Amino acid sequence: MDRSNQTSPVVGFILLGLPAHPKLEKTLFVFILLVYLVILLGNGVLILVTVLDSRLHTPMYFFLGNLSFLDICYTTSSVPLILDSFLTPRKTIPFSACAVQMFLSFAMGATECVLLGTMAFDRYVAICNPLRYPEVMSRAVYVPMAAGSWVAGSTSAMVQTSLAMQLPFCGDNVINHFTCEILAVLKLACADISINVISMGVANVIFLGIPVLFIFVSYVFIIATILRIPSGEGRKKAFSTCSAHLTVVFIFYGTILFMYGKPKSKDPLGADKEDLADKLTSLFYGVVTPMLNPIIYSLRNKDVKAAVRNLVTQKRFTW
């Protein structure tokens with residue numbers, strides 16, 4: 001039903017947050033603020049060591065530096081807004097600011113999907129074709145691969161955001177979320193959103209389905225190659241080079257599948273609890289996952305730990 005002639009167009013949105021859980025909001029404010037500081041510190045240190053330490057000037061660490069920069073951009077596009085919504089009940093956000101925040105979040109998410117796929121290809125070449133690795137993953141190859149990830153993610157985000165913002169919004173302008181999450185915004189449109197749904201479906205296939213399939217196939221070959229290594233020490237060393245990436249992939253895609261793959265409750269009370277669970281899961285995906293990435297790569301990677309120690313030692317002597 002078209003409601004566009006019933007009320008005046010919306011010029012801004014109200015972010016609902018968690019109005020029914022004020023104590024939880026205060027707890028989450030402190031928690032998310034601390035996590036955000038850890039994200040800035042952890043990912044910032046990873047970017048610094050991958051740039052300054054010549055031993056880390058390899059494709060894998062170049063992709064890791066891009067992933068860390070992406071995590072900083074992703075969280076910075078949403079965390080300040082989330083923290084402000086906890087302090088300001090029914091936080092109002094202008095239409096244009098909502099569009100920018102939606103674009104940045106979607107762009108960073110889509111870019112990370114492609115970037116994780118390129119990192120899987122890097123591990124596949126390193127383990128399955130080690131003699132050709134310098135040739136296949138030369139600088140002339142891995143830099144355009146990373147740049148292509150950013151271009152692809154940004155292009156998709158531009159398309160999705162443009163289609164969403166062209167819709168007429170009228171009547172209820174309350175977004176039942178912490179941020180301008182695209183699905184929550186589309187629910188407020190007073191026009192047919194079938195084109196948006198089809199477009200997002202295509203984007204999901206391209207940025208979720210294809211990378212997941214590519215990562216799965218890559219690791220089938222990787223595991224098969226590792227199992228053929230005669231020595232146990234050799235198998236352990238080979239698996240350790242890709243275990244961090246595999247852990248990040250499971251956390252990233254596992255959270256997405258949990259958010260969008262589970263069935264919706266038809267019971268009103270169950271729906272309220274489900275709504276709270278969806279918001280908290282979204283927070284985990286948007287805040288906790290970027291915090292875990294540098295921790296996982298630091299704990300599971302001797303080169304990164306050595307580079308961090310060298311950086312700390314150099315700073316200590318400089319002071």
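Cβ coordinates come from backbone N, Cα and C, glycine included.
Ranges compared are 180-199, 280-299, and TrEMBL records transmembrane segment for 280-299. Among 141-159, 205-227, 239-260, 141-159 has the largest number of CB pairs under 8 A with the transmembrane segment (103-121). Residues belonging to the domain 'G-protein coupled receptors family 1 profile' (42-297) score a mean pLDDT of 86 in the model.
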